[in-house]
Structures are given as structure tokens and as C-alpha cells.
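Reading through the C-alpha cells given below for one structure.
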Amino acid sequence: MNKIIIVGAVAGGATCASQIRRLDKESEIIVFEKDRDMSFANCALPYYIGNVIEDRRKVLAYTPNQFYDKKQITVKTYHEVIQINDERQTVTVLNHQTNQTFEESYDTLILSPGASANRLNTHSDISFTVRNLEDTETIDTFITNTKAQRALVVGAGYISLEVLENLHHRGLDVTWIHRSTNINKLMDQDMNQPIIDEIEKRNITYRFNEEISHVNGHEVTFTSGKVENFDLIIEGVGTHPNSQFIKSSNVILNDKGYIPVNHNFQTNIPNIYALGDVITSHYRHVNLPAQVPLAWGAHRGASIIAEQLSGNSSIHFKGYLGNNIVKFFDYTLASVGIKPNELKNFDYDMVEVKQGAHAGYYPGNSPLHLRVYFEKDSRKLIRAAAVGKQGADKRIDVLSMAMMNNATVDDLTEFEVAYAPPYSHPKDLINLIGYKAQ
């Protein structure tokens, strides 16, 4: 019987445990989670802050007791793995409730410790990050108890944008700052203009090339010299992998602290696997490394690891496409493929179309901007981006499937659209991209 230890019990770890149990009813599975909660919906957290999702039970899928009762998997929360001895095949675990440590042996070790939010040096009682359910509940309680009215959001990634929208939805007066003009970095910068338009339409204050200098109580001094008072600060300034404890082992980390894995999600040590935000792998459609800390990859990794451990060695990870999407007020911004800063590795062309999301004569139409990048020689698709109030998600998902199948830009003329006036055009934007490229 295989004894499996899993480090981390959120998207990657909990899903991996479930998938293993689905295929293997006999092995002992123990999951260690350093925080309070397991199996919660990370992506729901900003909407919980905004009271868009009001019921905590909709965010939390399982408690440890429920997980054990349904799947016979032991989950120990407030238990942090602080050391790995891969030669003896043991982990050292710190019980945060008793402050005692103990060793646990394993046959197979699966690492899904995730990432932690970077922090500013504010040393402030009004400054928070949004990384887990505890963070979110703390922010929610703080806003309610202090009757917070003015909020400062720092950073311009997905979390910051979603929290900004949800704090505004909750009725707070929000100010947004970022240290540069490069926002929402997975999107082409000129296609981010709707973000600014939505901000200005709602009279939300924003400043780029701005940072916090220091915080004194509620008084925030900025690098520009401005001084303002806030009731709440949300820091969304990136993340770093929770891999410090792995340095005690022979598991290889790259220079940024991520774990390189192979097509089976194995580390350099065959009986140690890794998945989720802590890993780096490769793109599916181009020959480049890829670090994609998004939910799909964690779930795919969980399935592949489970298949491998059950003896199905024919299923492998074929790589990321980096498909991503964010809602910001009335707009959807989505992209797939390599990142904008990776285009420099290719000799490419770009084609774009700006057209209504569906037939112009049908009520409720709105503009949709679609852009596709392809290699000049092979004409293979390498990146696509879409922005609009309607239809951006559909087009990007179609192009994701096209990339998955190594389609060329010319193949897009053959895409057969599901056409009716409320949904599309007889000649869809994706078709037009193909025709324009010819």
C-alpha cells in the first residue's frame, strides 16, 4: 500500500487527493495544510469581499471532517511542513496549534504549497492582502466593524482589479495606485484602455508611477509627495512561491524559487511530485518555459499525478496555453498563448479586427476587439487577445482550442461559427482574422 503525503490542501492539493482516491481506494493519503481552511475557492475571494457572493458556504467546499467522511482522506489544518528529508523519505511537520513538531514518513510526496502574497513595508494595521479565506473574512469584518469608507488599492494585476471593482460595488470610495503604467500585464497594454475608461466613468481616483512611501495610522504618504487618509489598504503586489522549506531537500528549485517539473509533474526526484502555483513547466504550442499560476493548471496537474500513481503512464502533461480572463466592471479582458513580453522570441505578424460582438441590427450590440499573433514562417498561432463587453470569452476559448491543435492563422477561415443574430456574424471575427492574414 502506498502512503501518500500531500503538502497543501487548496486547489492543487485537495483536488489531487480527491483524484487519487477516485482511482485508488487503498492507499493512505494524508494532507497537511498550514492555514485554517482547506478546499476553498480562491477565485471567489474578491467577490466575497464585495458581497457579490454572500454565503461563506459557497466559497468553502469541504471541512477536514467532511473530506474524511466522504473520501477517507485525512486533512490536518494548521500543520505546516517545514522540512523534507528525501533520502529518508520523511517530512517534518509543525503543528501550529501545539507548537510541536513531528516526523511523518511517505512513499510518495506531492508538493502543492502554493504562493504567498508579497508585502509592502507599511507595518500598518489597516493594510491587508487577499490570499486565502481568512484574509478575506478579516477584511470583511474590518470594513463592517470600522465602517471603513475610503480604500486604497495598490497594484494592477487580476487580484487588485477584482478587489477594486468589488470594494466600489460595496460602496467604498476607492483610490487605485500602481508603481508604473504597465497594468494587467498579461494583456497588450493598448488593449487595457477600457480599464481606464471604466475607472474614469465611475470617478474613481487613480495614479500611475505612484507608490506608498510610508503609513502612519490612517495617513498615507506617497512617493509623489501627496498625503491622504485611508481607512483600508489592499496590497496586490504579486506573489512568491512557498518553497523555502523545500531547500532542505534535494528537490531542485529554479532561481526564482519555483519547482521545475516534467510532463508527469515529477520533480528531479521521481517519487516527489509538484503542482499548482509553485511549479514551472512549458508551453504546449511553442518551445518556451511557462509559469502559469492559474486554476486550470492545478486541476490538470492533479488529474495527471493521480493517473500516474494509479499506473496509467500513458497520460502526460502537454503544456500550458496560458488562457486567462478577467472581468472589470462592464468589460471582459482575455488572452491566450505566450505573454506580451515573450513575443520578442519570435518573428511574428499580427492581425486584428474591431467589430460588433454580434449582428449590428440586433439590439444590445457592443464593440469587440480581437487580436491574433502568428509566426511568419509556420503561420502557427502563438498569442491572441480579446476585449469587449460581450463575446471576448467565447473567441478566446475557440482560439485556445485552435492553438491546442497547432492551427495556423489561415485555418481560422474554416472556423464554422454558430450563427444567429444575437450571438455572432455569418462571418465571425475569428474568420475575419484568417481572411485578413491572407
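Yeah, the Cβs are placed from backbone N, Cα and C, and that goes for glycine too.
Remember, predicted model here, so these are calculated numbers, not experimental data.
If you look up Swiss-Prot, you'll see 8-33, 267-277, Tyr419 marked as FAD binding site, on the strength of sequence analysis. As annotated by Swiss-Prot, substrate binding site applies to Thr15, Gln19, Arg22, Ser39, Asn42, Lys71, His299, Lys427. Per Swiss-Prot, the feature active site, nucleophile maps to Cys43; the stated evidence is sequence analysis. Residues or ranges marked as active site, redox-active in Swiss-Prot (evidence: sequence analysis): Cys43. Annotated NADP(+) binding site per Swiss-Prot: 151-166, in sequence order.
Sequence-distant neighbours of Glu165 (NADP(+) binding site) (same chain, six or more apart, CB under 8 Å from its CB) are Pro46, Gly50, Lys327, Phe328, Phe329, listed in sequence order. Cβ neighbours within 10 Å of Val153 (NADP(+) binding site), excluding its own Cβ and spanning all shown chains: 28. Nearest to Ile159 (NADP(+) binding site) in space, judged by Cα atoms and limited to the recorded positions Ser18, Glu33, Ser39, Cys43, His299, is Cys43. Among the listed recorded positions, namely Cys43, Ala151, the Cβ with the most fellow Cβ atoms inside 10 Å is that of Ala151.
In the three-state DSSP classification, Lys427 (substrate binding site) falls within coil. Gly157 (NADP(+) binding site) sits 18 Å from Gly276 (FAD binding site), taking the Cα positions as reference. Burial estimate for the binding-site residues (Thr15, Asn42, Asn271): highest at Thr15, by number of other CB atoms within 10 Å. Of all the binding-site residues in the list Thr15, Ser18, Glu33, Asn42, Lys71, the shortest Cα-Cα distance to Val163 (NADP(+) binding site) is found for Asn42. According to DSSP, Ala151 (NADP(+) binding site) is assigned to a strand segment. Of all residue pairs in the substrate-binding list (Thr15, Gln19, Arg22, Ser39, Asn42, Lys71, His299, Lys427), the one with the greatest Cα separation is 49 Å apart.
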